[in-house]
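Trainee: What TrEMBL records for this protein is below:
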| type | residues | note |
| --- | --- | --- |
| TRANSMEM | 49-69 | transmembrane segment |
| TRANSMEM | 134-153 | transmembrane segment |
| TRANSMEM | 159-182 | transmembrane segment |
| TRANSMEM | 215-235 | transmembrane segment |
| TRANSMEM | 255-274 | transmembrane segment |
| DOMAIN | 299-514 | domain 'Major facilitator superfamily (MFS) profile' |
| TRANSMEM | 302-330 | transmembrane segment |
| TRANSMEM | 350-375 | transmembrane segment |
| TRANSMEM | 387-406 | transmembrane segment |
| TRANSMEM | 418-442 | transmembrane segment |
| TRANSMEM | 454-474 | transmembrane segment |
| TRANSMEM | 480-498 | transmembrane segment |
Amino acid sequence: MLKNFQMSSSSIYSMSRKKNATTKSFLAAPRSRIYHSSFSTMDSPNYTVVNYAAFNYAGFACIAIVVFLTSTQPFYIKEVIGIEPKPGSSKDSKIGHIVGGLGFFDEIVSMSTAPLLGSLNDQLSSSGFAGARVIQSFSFVVIALALLGYALNRNLIPMMFILRGVFAFGVTGCMSMVTVMLNQLSMSNFEFAKLWGAQHGHLEEGVTPRRNGKLAAVMGVATGLGAIFSVSTLVTLPVKFAELSDLKSGLKSSYIVVMVFALVSFAILFAFLYKPQEQARESRQFLKEGINFAKSSKEAQLAFVGAFVARSTTVATTLYIPLVVYNWYYNIGECKSKDNWAGKLTCYDGYIFSAILTGVAQTVALVSAPFWGYLGDSCRVGKFRTLTFAGLLGVVGNFGLSLVTTKTNYNPKTVWCFVNVSIIGLSQIGLIISSMSILSGIEEAHQIMGSLSGLYSFAGGLGIMIITLVGGLIADVWILGPFFILGAFNVVLLVVCLRRDKSMRLEGGERLVE
């Protein structure tokens, strides 16, 4: 589709000048371009700067809360729940097992609810309500309830698992609506779009260029800033409150504060998120329609594969890079002990270096987000080739890191390690931005975008499950094995991208012949 859309202006102009060829030229144009003309910029009118700021704030606030919970959870289990690890015993890793179990349950809830929430969005929108606005804003109320439960909770089973499930449901509702709202923004009369469209006068009047790459890039920057805000402000709250009493009380108080932050976020989003002026339509089975559409849409399928690899990459950088670092420090004896929890807690140098290495990957991702947005919106490159390029970087970075050694130990304090980790971080943000742009740019699926967004989140969750389970097993015998698996994922993505590009070239050639 992109290949056809990127026909040169001279070709379009010459075709339109041919005598008695108006109908033929129209039929030869890409389907998305014809459909987009019908929507133009009026599908989401009156989109303001405040709406756009609220859209990005949603990602900022949600990621900030997620980082806070995941960062404080091990300490919460020990201090609030009261599970004490026993150094030197088989129960030494009990907290680690609990954290892993909670994470697994979190992902199960996310995968099972994402398609349903997407379908709910479409149902609400078809009834004349602003589905994305309602779901995304009220998701923060759900998150706030979970945080309140954490502050009051005293037991592990079943309450902590229930609370983690509620939290996962809220986060899924918030993040799964990002693609839907990006689709609304892409089809709006937002003034940034007008300025950008002025540079493309050769397109037909009323046709808005698909330029959501930069918009997705700004969302990527917003979520990155949310993580930085959380680490520098929210995660430090327990320590600050502990100075007034103890760590247990400090943790509970910090959860209350973050709960208030979630409620404030709800109020901001409910007041300022975009509310489309939609008319009620007949009730439909949107989830079923979304699945059927995805079966025949190469764009949706490519976006799902991109989500699968992107989320897998995110887990690899946050989970397996620290594992490689800790494994190295334990094996060289720089921690007090490599066999007990006390040693892990006192491995300060390993903790610092792990933060540095993962910080490099995240910094590269954050800084390069505008670059990926520019590539996605470029007429010469486009979002599909941008996804291909991101996948190629993923192959280089992951294979470059994993094929260095097949041993159970690896020294991460090398220039080569930093280079490859940086490439992986670069690939990560590129995969996220380009896959999100591809899905949100499918104009003909506007009425089922919620369902497609839910399936997109489901595909990402599936990637997390596989890289977590399979990668964890391989890491026991080959510490860099998870990155080899991730490299293989990127190879599959490359194959899918190249096959699509080839098919689009063939279709484009046939249309030009006509």
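For all residues, glycine too, the Cβ spot is worked out from N, Cα and C.
Can you tell me where each of these features sits in this structure?
Mentor: If you look at the transmembrane segment (49-69), the same-chain residues 6 or more away from its ends with a CB under 8 A from one of its CBs are 136, 139-140, 143, 147, 150, 167, 171, 174-175, 177-178, 181-182, 185, 190-192, 218-219, 222-227, 229-231, 234-235, 254, 258, 261-262, 265, 268-269, 271-274.
Here the transmembrane segment (215-235) has long-range neighbours at 55-57, 59-68, 71-72, 178, 182, 185-186, 192, 254, 257-258, 261, 362, 365-366, 369-374, 376, 429, 432-434, 436-437, 440, meaning same-chain residues at least 6 beyond its ends whose C-beta is under 8 angstroms from one of its own.
Here the domain 'Major facilitator superfamily (MFS) profile' (299-514) returns a mean pLDDT of 84 for the predicted model.
Sequence-remote contacts of a segment are chain residues at least 6 beyond its ends whose Cβ falls under 8 Å from one of its Cβ atoms, and for the transmembrane segment (302-330) they are 294, 338, 343-344, 347, 349-350, 353-354, 357-358, 361-362, 384, 387, 391, 394, 398, 408-413, 421, 424-425, 427-428, 431-432, 434-436, 438-439, 455-457, 459-464, 466-468, 471, 475, 479-480, 482-483, 486, 489-490, 492-493, 496-497, 500.
A Cβ distance under 8 Å defines the sequence-distant neighbours of the transmembrane segment (350-375), meaning residues of its chain 6+ beyond its ends; these are 213-218, 220-221, 224-225, 227, 317-318, 321-322, 325-326, 328-330, 334-335, 381, 385-386, 389-390, 412-413, 417-418, 421-422, 424-426, 428-430, 433-434.
Tertiary neighbourhood of the transmembrane segment (418-442): same-chain residues 32, 178-180, 182-183, 186, 210, 212-213, 216-217, 219-220, 297, 299-300, 302-303, 305-307, 309-310, 313-314, 316-317, 321, 357, 360-366, 368-369, 372-373, 375-376, 383-384, 386-387, 389-391, 393-394, 396-398, 400-401, 449, 452-453, 456, 483, 486, 490, 493, selected by CB-CB distance under 8 Å and a gap of 6+ residues from either end.
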Trainee: Who are the chain neighbours of the transmembrane segment (387-406) in space, where the CB to CB distance is under 8 Å and they lie at least 6 residues beyond its ends?
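Mentor: Distal contacts: 302, 306, 309, 313, 316, 372, 375, 381, 416-417, 419-424, 426-428, 430-431, 434-435, 438, 478, 480-484, 486-487, 489-491, 493-494, 497-498, 501.
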Trainee: Residues sitting near the transmembrane segment (255-274): Cβ under 8 Å, six or more positions beyond its termini, same chain?
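Mentor: Distant contacts of the transmembrane segment (255-274): 44, 47-48, 50-51, 53-55, 57-58, 61, 64-65, 68, 130, 132-133, 136-138, 140-141, 143-144, 147-148, 150-151, 181, 184-185, 188, 234, 237.
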Trainee: Could you pull out which residues elsewhere in the chain have a CB under 8 Å from any CB of the transmembrane segment (159-182), counting only those six or more residues past its ends?
Mentor: 55, 58-59, 62, 65-66, 69, 77, 81, 101-102, 105-107, 109-110, 113-114, 117-118, 121, 131-132, 135-136, 138-143, 145-147, 149-150, 153, 212, 215-216, 219, 273-274, 436-437, 439-440, 449-450, 452-454, 456-457
